[in-house]
Structures are given as structure tokens and as C-alpha cells.
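Peer 1: One structure coming up, written as C-alpha cells, with questions to follow.
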Protein chains: 2
Amino acid sequence: MRRWNGWGDEQFSLELPEQGQAFLTDRVGGGSPLADITLHAACEQVPESRLPSDPQVDDLIDRSPETRVRHARGQSLPDWLAMRSGDIGEFPDGVAFPNTSTDVRALLHYANDKDIQLIPYGGGTSVAGHINPVDQGKPVLTVSLANLNRLMDLDRESQIATFGAGTPGPLVESQLRAHGYTLGHFPQSFELSTIGGWVASRSSGQQSLRYGRIEQLFAGGRIETLQGTLTIPTIPASSAGPDVREMILGSEGRLGLITEVKARISRLPEQESFHVVFFPDWDKARTAARKLVQNRVQLSMLRLSNAIETETQLALAGHPKLIGLLERFLAFRGAEDGKCMMTFGVTGSKAQCRGALAEARKLCSDYKGVYTGTKLGAKWAEKRFTMPYLREALWQMGYAVDTLETATDWDNVDTLMNRIETNLREGLTDRNERTHVFTHLSHFYGQGCSIYTTYVFRVADSYNETLSRWQHLKNTTSDLIVRNRGTISHQHGVGKDHAPFLPVEKGELGMRAIRSLTQSFDPDQRLNPKTLLD
Amino acid sequence: MRRWNGWGDEQFSLELPEQGQAFLTDRVGGGSPLADITLHAACEQVPESRLPSDPQVDDLIDRSPETRVRHARGQSLPDWLAMRSGDIGEFPDGVAFPNTSTDVRALLHYANDKDIQLIPYGGGTSVAGHINPVDQGKPVLTVSLANLNRLMDLDRESQIATFGAGTPGPLVESQLRAHGYTLGHFPQSFELSTIGGWVASRSSGQQSLRYGRIEQLFAGGRIETLQGTLTIPTIPASSAGPDVREMILGSEGRLGLITEVKARISRLPEQESFHVVFFPDWDKARTAARKLVQNRVQLSMLRLSNAIETETQLALAGHPKLIGLLERFLAFRGAEDGKCMMTFGVTGSKAQCRGALAEARKLCSDYKGVYTGTKLGAKWAEKRFTMPYLREALWQMGYAVDTLETATDWDNVDTLMNRIETNLREGLTDRNERTHVFTHLSHFYGQGCSIYTTYVFRVADSYNETLSRWQHLKNTTSDLIVRNRGTISHQHGVGKDHAPFLPVEKGELGMRAIRSLTQSFDPDQRLNPKTLLD
């Protein structure tokens, strides 16, 4: 059963190894956990549903308290604090589970007729408040696309697969793999998030270097809007005016509900492997990473941890003896304190993998990188989706953990990363608290890269103060990002949490452009109001 | 001096070799040319300018007849017929040559104050009527960006170059090459078209397999609109809502005037070469091309001529002895009648070129491709921008030549290509005229490719009948394309000629999305009216 108040399945949990606990105590102090409320207690808070009855849609709607609790919040840190404190705020008045696009149209008619707000719901993995109801004095109906979860069509020649928008990552891949194909889209939320959610929030996967972001994978599809059905035809590329696909990508439910996604797929690769290189310092490491992508070395993924993330990962990895051996080997080769870990993947035909690996190793070695083979890379691949479970383990120990991400041009990467880290690291000094902060670069482009920063701090002795600590860190850093040439989000989307910062990034006329779309498709603001923009 | 009524520089002309003439006579009959009017005669038609005087902008505006003639029409076949017959239709009332973004803002104020229509003008190479004035009872001011032609900034680390929007292809490349960089965008119009025009019309270059379409190269920039200045920041990638860049791409002057383009550039490659392979039949050739791109072989360009184009190119190439030798060699290796010519390019580091060439040769050989080396490829590269000059040579012999292009998914490529060719080939049968029709595929994607069809027919004994022949071929084929899963344009844009077909492709709600943008930015339809959409 899925955890009602956190990440993933209840059956699965991670434990922090002993030396990981010691490391954290050393960095931010010992933690003492807050008490969580029970699902039962949460359900008791749920008010009477305000949804009027309508024979056309009643069968599709679940008004039970538990279902409403389970769809009330996403996975942001404030969402966690809400679900664990019991101060959950708004609940949807019901959750609809349409089985077809026709059902979705019926729900849109219902919303129009009865003055109801709709929130589209994919995997509920938003970390930016996308699917949280807001009180505007109207009933709120969350629409889960969970039943639209099938591979509907497979065009092998054009390599296009049509999926129900609610298909989650594992079902996307397993249904394709049965035919010898892959989508290759692996965001960290992969286990729970859905293909429609990826499109709606402009997601990016860990192997975007090979497969592209969801913008490159989304070929077209079907969107049910209050103005009718928008069908986006699949065309490989076009100069026929502004691209309507790109208006749906990132629309976060404001223009309509995506019901079918046609996606560009690939044959399963002949080979794939992940490799780890350690660099003696950040400057060499970052330059090597930049050159790898600017030289178009055919990698499928690339990730570069800064020195503190490298140190933290090795400390939290367990197996102190093996790590000790590794560190002695690296020190002998010149990568000591301040060393930075790079992970890269090669994927494709045997010849492509051989060529890319040789080029990458040569370039890394030009920057004093110490190649350590595929062992650590295989570990990374094995654990690529499990990091969110660690949050639960840390929470039980009294630590809150959150991430912030952006992207910026190469000339600004260091400056912005340092400002973000400093702001987070010093953000709680006034409150006599320390924050442990570390960063990796991922999603590399010729022009720049994404910056993904993790921060850990102790929960306070109350939920309110814990939330206040987070709000301070999040808001000051978000503001800093958009005022320093970063995007408010490279892969998490805008939702409600980032919406106040979007106008700084887009400018007045950029916002006008986006608003002209939402006003045209949803003049009464029935669809996911307050998300993306006011 | 640039030809006032056709392509390129007056000093440069191509001649069709003798056996090329014989080939055409055999296919469509002997031609007899129509008489062209002179520039002087054209200038005499130009009416008084209706532009009111305004001290803020008068210095920027040239109202002379010759300048107005030279900016009245693009390079479509009806544009040619207009300029050569003297039935030119509308002229702009003047041509403005702003020197800065501030000048452009002044022109926008002028347009608003004095109820004037503005047409942005880059290289004037449109083949879809983008820059042709339409009579709506208001003065029309064409705004040439020709003076905004400089490299304004070069960020080597982020590989971003900022150009004035009016910079033509050769000046883009020469200014970058001086620093060791290239944009790598080479549309056939390269010699005359501009970087701002590429963005406004969603252009694609011959080496898009490596460098991407203009969508991938356009990082941001500055657009002057009637609502103010829209600045699009450079961010490598973002999930912060719908992408405003993608709303400007293909906006064809309807939202504003692009004045600065920030473009993603690359280091000049270590190596580049172009290779030619002949396949015994279309089916093998097309499958090999599809596999090359779906297998992600790191090519920089790919072009595949069908059997008739292959035959035509060999016939028109001159050097009958050498071609005869080549054909005997090919026949010996199994590529006889029905053979298809593929040209591919490899570009990059030496290791990348070596790897890609080996993979490509292996794959082609699996499909019975006969590799002929780099000689014909070098010829292609040498003549890559000269094809439009051939149009002049054919015109002088009494032939009209035009091209039609689209893109579609792989499963539909053959069907659509055959329908397009048949429709063109049989289109003038009622008029007892033949059309010579041939096609190549270019711009390959995993999902499909572009289809680029050339058709040659005899000019009639009057301009009117010649235009009518063209209209019949163009309109019936355009209609056929959008009703058979093709885009109305893969690389030429919409302009006025394709606008009637756009709603079939985009659908009612797709058009609503685009129209919501034009209405928000230009409610009074002052900017390039009738282009893209009504």
C-alpha cells in the first residue's frame, strides 16, 4: 500500500547507516523527531463534501474521507509537514477516477454546469504544490488519471507509443520493454509519477542526454479542455507557426486535462553502463563536464557532485572499510580533500558505447580525473529511484531534508551555486541552527546545466517552527535564484510554491503570453487555479 | 548588386548543361520564355507613399520607388511571376532601416499613433508570402532589419552569441569563425536570409542532425512589441511553465519585431566530410536512412533522393563521361535503374567522425548500399547554396520550377510522398502539360522526416496562365498534405500562401491557442496582418 503521508510503498524503507548518523550529528546536531498523526486522525478532519450530485458523473467520483486525504497533498516538504502535523488545510471535495477521455469530458461539463474547480492528478509526486486545493469558496474535484494507464497504440516504424496519461513510469517501461522499446524517461519520481504528469510539468529524466527532456519525447496527444478536445497531431518537426505542443508542456493543468500522450520511443539499447570518475577539485571537474557536453560526446547521463556532496555520499554510503580503501586509492592518485565525483552513462550500440567511453575517459584524464570503473556506477543505477525513501529515514531521526533546483548558463554556474549554498547554509544562523548543504550538477547542455542542491536541517520542537525554517530557506533562495539568472525550476515545475517567483523570470510580457493562453482556454479559472500563475 | 526580381547576386549565374536541356525537353517539352519587365518599368508603377511624416522616424524611412520595389515581394514562384510580369500588386509605402532596438520602438510608436501596418523584413527570402503587403486601406511600412547585422556579444564559456536580428547567414558565420565558433545553421537560403528571419519562421538548416533546428539554437533575445519590450532570458532548459521562446519561434512578425537573437553556438569541428552512397531501390534506401537516425548514428546531415531525383541530378550534373563511368560502376555493384542516392555528413572530433562513418557504412552496406566516397559529397557541399540560381537559368529557358515541402511520421512517408508526386505529376494533364516531379527526404528524426519535392513545368504563353498552373498545383497539393498527416511546412513557414491550410493542421483549438497570443500582443492587427493567420 502506498504511504499516505510520504514517499513510496509502506513495505519499503531505507535505513541510514550508523556512520551516516554520526556525520549528520556532526554537521547539524542531533535530531529529535516530531510525532506524526495517524491516517485515521487525518480522515476525521475531512469535512462534508460540497460536490453536488449529478447522475452523469456520480459513478466516477469517490467522496470517501480516506481517498480525499490521500489526494490532498503532494510531496513537498510543507506537504509532509501538513500530513504529519495534521494541519492539512484544504481537502478536495471528492476524487474522480475517469476511465476514458469521454469521462473526462463529462467531468468538464459537470465543472462548468455546477461551478466546480478541477485539479488534474497524476502520481501526486509534485514538490511544488501543483495538486493542492485552494479555498475559493467553491467545491474542488480532484481528477485522478490513474485508470488511464495503458499502452493504447504502438507504431514501430515511427517509434511512437500512445499511452493513457495516467500511466506511471514502471508501467510505461514494462509495457514498452515487452515489445523491445523504451521511452528512456527516468526522473527520480519515476516509480510514482505519470507520463501525463511529466508533460504537464515539463519533466526531465536522468538520461536526458540521450533521450531528451519530455519536451523532446512528447510527440502529441489529446487534451480535454473546457473549449472542447484539443488534438495535437504527431509531426516530426514543423515550421507551421508557434508550436502548440510547447504550450501544453508545462501548462500544469491550467489549459485542460491531458488524457493521451503520444511519445517518441527508442529501441532498447544494445549496451548500457555507468562509470565513476573522481576529480581532484571542483574547477577541473566542472570544466571536464562542460567540455564533455560541448564536445558532444555521446553520453546518456552525466552527474557531477561538488566536494561536499561527494563527501556526504561517501559518508552515507555505509561500508566504511571499502570506502576507506577507495579514498586511499584516490588520494594516491591525487584526489584527496575537495575531490568531486562524476558519474556518466554510455548507452547505445556497442560501437557507440565503446567510442563514447574512450572519448570521455580521455577528456576526464586531461583534467586529472581518476577513473574507477563501473562498480560505483552500477550502485548509482541500482539506487537511482530510492533517494526519496531516505527522506523518511531522516524524518524519523528528526531531520528535514529538501532540495532546490535550477538551471543557468555555464558562465554563471559557480556564482549561482555558491550563492544558493551560502544562503541555505547561513539561513538559520539567526535561529542558532545549522544547515547541511550540498549540490550536484545534472542535465547538461552546451549552454549550461541544472544545479540541484540538497539541504538538511533539524526539525524544530514544533511543526510551525519547522515550517517557518523551511519557508525562510525556500523563499529567500527562490528569490535569489530568479534574480541571478536562474530558472525557478529546471525539472520540478512551478505549482503554487514557485508561482510568486515566475514573473521575475518571465517578465511582464512573458507572463502576458502565458496568461493569454489560460484566459482563452479557461476564462473562469476552473482548472487548477493559483497553479503556475494567478 | 542583388537581383531585384530573383535570387542572389546579378554577377552570379548558373547554366544548365546541354544534356540537362535535352533531359527537360524529353520530360516536359521544349520551353519558350516570357518577357520580363525592367526595374525601371516596375518603379514607374509605384504609387505615391501614404506614410505621414513624423520627425521621430522620418530619417529612418526610405520612400523611394526602387527601395519599395525591392522590398515588395519575396522569392515564391508567384512573387517571381509578379516581378517579371510587372503585375506586382501592393508596394510598401516605405521601407524603414532602424539602427537600434530603440529605433524599432520608435517605429512601433509611429505605427500605433498613425494607424500604420508594419512588416518586418529580414533577407526577403520568404517562399510563402510572409513579407508581401496586403491592401487594408492603411499605409504599410516595411521594416528592414538590415542594419542590425553585428555580433554584439560572445560568451565563450556558455557558447552563446548575441546577434542583431538582421545579420545574414554569411555574416553570422564569418563573425563567429573569426573566434573559432560556428552556429551551424545552413538553410538553402543561407546567403541571404537572416538569423532573425530564421527564428521568426522556424527555419531548419542542412546540418540540423548535428546542430538542431533553429528552435534548438535560439536561446533567447529581444523582441520589440506594441506592448513593450519582451526580453527572453537565456536559460539552458526549464520546467517553469510553457516556453515563451517557442511562442516567438514561428510567430512570423505577428507578435513583435525580433531585434536581437542570442544563439547557441559550437566550436568549429575538428573534421567534416560528406559521403555518397547509392542504393539499388527506394525501399532499401529509405529503411537504411530511417535506421541511421533511429540508431542515433552521429551524423551531421542526411539526404536521400528518390529514383527520379537521382536520375535528374545525374542528368543535370554535366560531365556525361564521368557520370557514365559512375553509372557503369554502380550497375556492376547492383544499383541500376531505380537507384537512389544518399548523401550523409560526419562532423565533429576525429574519433566521432571515424566512429560515425564506420557505423553508417556498415548499416548502408546491410541494405546493399554502394559507398562511393567523398567526391560527390564534396560537390554537394560546394553547391549547397547554389540551387536557387538554377531557377533563373530554367526561367530563361521557359521553365517554372518550385518546391513543396512537408514532414510526416515514418509510417506515412511513402504514402504521402507518392500522393504529392502523383498530384503534381498529373495536375496539368487537363491542360495538356506535363510536370517533372522528384523528391528527396532530408531533416531526419526518429519519428519521421521531411519530404522535399521539386516540380518543373513549362511557362504558358501568358503570365496569367502560368500563375494559374502554379496555383492549381500548389493549392491542391497543400490541401492534400494537411489532409494526409503532413505539416503545411517543415521549414518554409506559413506566410500568406500557407495560411488557409493551417487550421486543418492545427485544429480549431490549436488555432485558438495561437490566436490568443496575436490578439493579446497586437489587438489591432498592425503587425504583418494576414500572415500566419487571419
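Just so it is clear, glycine is given a Cβ too, placed from its N, Cα and C backbone atoms.
Whatever TrEMBL says is automated annotation, not expert-curated.
Annotation source TrEMBL lists domain 'FAD-binding PCMH-type' at A:88-268. If you look up TrEMBL, you'll see A:Pro120, A:Tyr121, A:Gly122, A:Gly123, A:Gly124, A:Thr125, A:Ser126, A:Glu252, A:Gly253, A:Arg254, A:Leu255, A:Gly256, A:Leu257, A:Ile258 marked as FAD binding site. Residues or ranges marked as site 'Important for enzyme activity' in TrEMBL: A:Arg303. Look at TrEMBL and you will find A:Arg391 tagged as substrate binding site. Residues or ranges marked as active site, proton donor/acceptor by TrEMBL: A:Tyr452.
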Peer 1: Determine, using Cα-Cα distances only, which of these recorded positions is closest to A:Gly253 (FAD binding site): A:Arg303, A:Arg391, A:Tyr452.
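Peer 2: Closest recorded candidate to A:Gly253 (FAD binding site) by Cα: A:Tyr452.
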Peer 1: Please give the FAD site's span as the largest CA-CA distance among A:Pro120, A:Tyr121, A:Gly122, A:Gly123, A:Gly124, A:Thr125, A:Ser126, A:Glu252, A:Gly253, A:Arg254, A:Leu255, A:Gly256, A:Leu257, A:Ile258, to the nearest whole angstrom.
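Peer 2: If we measure all Cα pairs in A:Pro120, A:Tyr121, A:Gly122, A:Gly123, A:Gly124, A:Thr125, A:Ser126, A:Glu252, A:Gly253, A:Arg254, A:Leu255, A:Gly256, A:Leu257, A:Ile258, the largest is 20 Å.
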Peer 1: Would you mind checking how many other C-beta atoms are within 10 angstroms of the C-beta on A:Pro120 (FAD binding site)?
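Peer 2: That number is 27.
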Peer 1: Between A:Gly124 (FAD binding site) and A:Arg391 (substrate binding site), how far is it from one CA atom to the other, in Å?
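Peer 2: For A:Gly124 (FAD binding site) versus A:Arg391 (substrate binding site), the Cα atoms are 17 Å apart.
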Peer 1: Non-local Cβ contacts of A:Gly122 (FAD binding site) (under 8 Å, 6 or more apart, same chain)?
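Peer 2: Sequence-distant Cβ neighbours: A:Leu145, A:Ala165, A:Gly166, A:Ser193, A:Thr194, A:Gly196, A:Gly197, A:Ala200.
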Peer 1: Of all the recorded positions given, namely A:Pro120, A:Ser126, A:Leu255, A:Leu257, A:Tyr452, which is spatially nearest to A:Arg303 (site 'Important for enzyme activity') at the Cα level?
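Peer 2: With Cα distances computed to A:Arg303 (site 'Important for enzyme activity'), the winner among A:Pro120, A:Ser126, A:Leu255, A:Leu257, A:Tyr452 is A:Tyr452.
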Peer 1: Under a three-state reading of DSSP, tell me whether A:Pro120 (FAD binding site) is helix, strand or coil.
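Peer 2: For A:Pro120 (FAD binding site) - judged by DSSP and reduced to three states - the answer is strand.
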Peer 1: Show which residues of the chain containing A:Ser126 (FAD binding site), separated from it by at least 6 in sequence, have their CB under 8 Å from its CB.
Peer 2: A:Gly74, A:Gln75, A:Ser76, A:Gly197, A:Ser201, A:His492, A:Gly493, A:Gly495
Peer 1: Please work out the mean pLDDT for the residues of the domain 'FAD-binding PCMH-type' (A:88-268).
Peer 2: 98
Peer 1: According to DSSP, does A:Arg391 (substrate binding site) sit in a helix, a strand, or coil?
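Peer 2: For A:Arg391 (substrate binding site) - judged by DSSP and reduced to three states - the answer is helix.
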Peer 1: Give me the Cα-Cα distance between the residue listed as 'substrate binding site' and A:Tyr452 (active site, proton donor/acceptor), rounded to a whole Å.
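Peer 2: With the alpha carbons as reference points, the distance is 16 Å.
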Peer 1: Name, in the order they occur in the sequence, the residues of the same chain whose CB lies under 8 A from the CB of the residue listed as 'active site, proton donor/acceptor' and which sit 6 or more residues away.
Peer 2: A:Thr403, A:Leu404, A:Glu405, A:Thr439, A:His440, A:Leu441, A:Ser442
